[in-house]
Each structure stands twice: as C-alpha cells, then as structure tokens.
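Novice: My questions all concern the structure below.
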C-alpha cells in the first residue's frame, strides 16, 4: 500500500514539474505578443496623428487659396478704437476698419497688415520681415569693453556720456529741463585713436541692444537696395529699443553731394537721403541713439552734420605723451614686466603714434621676449618694439650698442 502511494506521488510531481515550465513559457510568449501589439498600436496612432496634421494643414492651405486675395499694408497711425491709418503701395494711404478679432491696442506703427481686397478691412497682422543681412548687424553679445580700457580720452568719454548714456539712463532730467534729447554723435579723427573702442564701451555701460553696421555694407549693387536696408535697420532698432546704432566708416555713404554724378554715386546718394529721412523721422523718446565714426569729417555732407541729426561732434586727436603713457599702462598691466620699466620714457619716443600703435608696441615687446625665451618683458624690449612699430632704424642701432656692452 505504501509503495503504491509513493509511486503515485512521484508521477504527480513529475507531471507538475513538466506542466509548470510549459505554462510559464506560454505566459512569457503571450506577454511578448502583448508588448509587440501595444508598440504597434502606438506606432499606428502616431502615424494617424501625423496624417491628421497633414490633412488639417492641407485644408487650411485650401481654405486660404479659396479666399480672395489681400493687400499688404503698413500701419501709419491708430485713429480710434476701430479705425487705423494704413499705407498701401502704390495706391496711397487709407483709413480702414479693423476686424473684431484684432485688438487695436496691439497694433504699432510700421507693422505689416493684411487688408481685404473688397472692403479694405484689416483682418490679419503679419510679422515684420527683415533682411538677413540687417539681422546679422545686431550684436547679440554686448562687448565687454569698459571705460577703464580706454586710455587718454577722458574728455571724449565725458562728452559721449552726456549725449548717449545720460539720455538712456535718466531721460527725466531732460524732461525737467524742457530740452530735447540728443539724437546722435559723430566721432572723427585719425585711424587707431579709439573711436570704435569707445563705442563698444558705451554699449557695455548703457545695457542697450548694440547694432553695428559699416557704411560699406549699405552700398549695394541694385537700385533701392541700400535705402531699403537703412529703413529695415531703423525698424529693427525701434523693435529692440533701447538700442544704439553704431555706423562705422560713414564717409562711404555720407560724402558731399555733387552735381552731374551718376551710376553708383547716385545710388549712394539715395542711400544717404534715406538715412537723412530716418534721422529726421525717428523720435528721440524711443531710446534710439546713433553713433557715427569717420576718418574724413571734411568730406561729409553738411546736411548730415547739422544739429537735430548729429547733435555733437567729438574729435579724437592723436594721443599726447601723457595719453600714450596711460595707454601703455592699460595694455601692459597684465604683462609680466621687470621692475624699473619707465613707460613714460617709452611714450616720449612715440611721437605721432596712435592708440593702436601703442597697443602694437606692447604686443611686439612681448614677441621680443618670446624670441629670447624669457617669461618677462624688459625696458629694452619696449624700445625695440618702438623702433619696429615706428618703422625706424632704432632696432639696428640698439642691437649694435648691445654688442659692445
């Protein structure tokens, strides 16, 4: 009896041990199928959503194609809560109604809008298009130049602060005095005297959008392109106010107009006329300031330099001995100098040099130290650098004297 029970238990255990792995395997296979089906369903749902988006896009395109065409206009002025003055090219200016779904308070001057072809009702607001070349003129990262990095220009820094920085930071002072804010300033002087460096420092301290453009970039091949770029430049400045427009080498488009000029000169004159129009048009309360720089003030058109357009002219003369010594201290303060270097003596030997030449002397002095495998700069390195930068024979004379020491 006991033997029979034992044999039956063995058969049952063997049966269970064979069934359990079988069902476990089936469960795993079923779970894999479920996961596969679930992933397939998700993939099909994603495809369905993508196709639905395409269908909606095509329906919108079809609806737009079936609608009557619209005129593109430019907002000039808001007349009332339901009326807007719009300019349409080439027809003219119209006072039009505004659709109910558009808030008139959101409209701004120079904004592009759509007008219905039948009723001239304003029914859509468009984004202002900008030339990629004009968009690239905006400097996204404000220069890290400060007034401490500008040497020998104490008077010029004070004057440009009064014209550019003070109206931006404290406009209430001009309102209390009852005077108009200055619109712009022109910096003139020989090359390398610090005009661009000071403009970068102003952009850093005023915390404004800095738009830098060279006058040569506004000289275009086709008729009207330069004028259009000037208009878009000031539109971009108004959109990102407060902003500073720095126009370098303004003499390339602002030279004096002469009779009988044609071809490329006439296009340059049209560009300058558009610039004059924009300088007269934009309001000083918009916190848009313009800085111009040139090496040739004598050839600029008097209409560009009159008060009301350019309110101050700041001269950048060649630096004096004291100014050159200060510039040397600024550019050499991070250099590894030996003791006893007399920068004043170095500055006295650089008659007629500009600030850029002084910076070049510091660089050349470091190069002379590298040639002799030294990690410090000596007085003699500066004297050799002065001779090289000033293009004189001092380098040869000093080298010969060094041999007989």
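Indices start at 1 and increase along the chain as displayed.
For all residues, glycine too, the Cβ spot is worked out from N, Cα and C.
Grabbed the feature section from Swiss-Prot, which reads as follows:
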MOD_RES   2  N-acetylthreonine
BINDING   189, 190, 191, 192, 193, 194, 195, 196  ATP binding site
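Set these features in their place in the structure for me.
Specialist: Secondary structure at residue 193 (ATP binding site), as computed by DSSP, is coil. Counting every protein chain shown, the number of other Cβ atoms lying within 10 Å of the Cβ of residue 193 (ATP binding site) is 24.
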Novice: Note the Cβ centroid of 189, 190, 191, 192, 193, 194, 195, 196, the recorded ATP site, then list each other residue of that chain whose Cβ lies within 8 Å of it, in sequence.
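Specialist: Close Cβ neighbours, site residues excluded: 187, 295, 316, 354, 355, 356.
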Novice: Please work out which residue of 189, 190, 191, 192, 194 has the most C-beta neighbours within 10 angstroms of its C-beta, and give that one of the binding-site residues.
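Specialist: The most densely surrounded of these binding-site residues is 194.
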Novice: Neighbour count, 10 Å Cβ-Cβ cut-off, for residue 196 (ATP binding site): what number do you get?
Specialist: 18
